[in-house]
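Okay, so here's the structure we're looking at.
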Amino acid sequence: MDFFEVTINSKNIYSGKILKLRLDEVKLPNGKTSTREIVEHPGAVAIVAIDDDGSVLMVRQYRKPVEEELLEIPAGKLEDNEDVRACAQRELIEETGYRAENLVHIIDFYTSPGFSNEKMSLFIGRNLKKAAGKADEDEYIKMEKIPFEQAVKMAYSGELKDAKTIVGLFLAYSYLRGEF
């Protein structure tokens, strides 16, 4: 069966600082039509940064959409025409005050393909060095160092609720054990 949907009409609904929203009318494989609400996102990066003591650098911040304070791995959106590796270093510096001498790209994945085109690039950062950086003016975050094994256990227990953080920690755990 062919699952491809053909766009008949596309209408831009909203354009904001971090995303755009459009409404697409599509022709389904069975010939019927439907409407798709699509969030356009420039893409993002996430970094599992592990220091020489074996702790992962995480950031605690309030997330308005879920009305909760979450503990997450450093992450952020791509700027116009920005390279993903450069973005990962920039975000790591802005959110933690560290840069990674060794930055390994692990995987790219779609965060919510049911309604968004956001693609996230996941990195593991090692050999961390202090770096001068400036946090975003509208971001209130606190950097915390959590022993890596403890962070993985926090993900398994449900204490960590952010998907990119859970995925990142699990993949980093497998990667560091030589499983891929």
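Every residue number used here counts from 1 along the chain in the order it is shown.
From the backbone N, Cα and C atoms, a Cβ is placed for every residue, glycine too.
Note: TrEMBL annotation is automatic and uncurated.
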Inset, instruction - Report the candidate from E25, E137, E139, E144 that shares the Mg(2+) site with A75, E91, E95, as recorded in TrEMBL. - result: E139
Legend entry - Same-chain residues at least 6 apart in sequence whose Cβ lies under 8 Å from E139 (Mg(2+) binding site): Q61, E95
Inset, instruction - Restricting to the domain 'Nudix hydrolase' (39-168), report the mean pLDDT as a whole number. - result: 96
Legend entry - Residue distribution over DSSP helix, strand and coil in the motif 'Nudix box' (76-98): 13 helix, 3 strand, 7 coil
Inset, instruction - For E95 (Mg(2+) binding site), list the number of other Cβ atoms lying within 10 Å of its Cβ atom. - result: 26
Legend entry - Protein Cβ atoms within 10 Å of A75 (Mg(2+) binding site), excluding its own: 23
Legend entry - DSSP helix/strand/coil residue counts for the domain 'Nudix hydrolase' (39-168): 32 helix, 59 strand, 39 coil
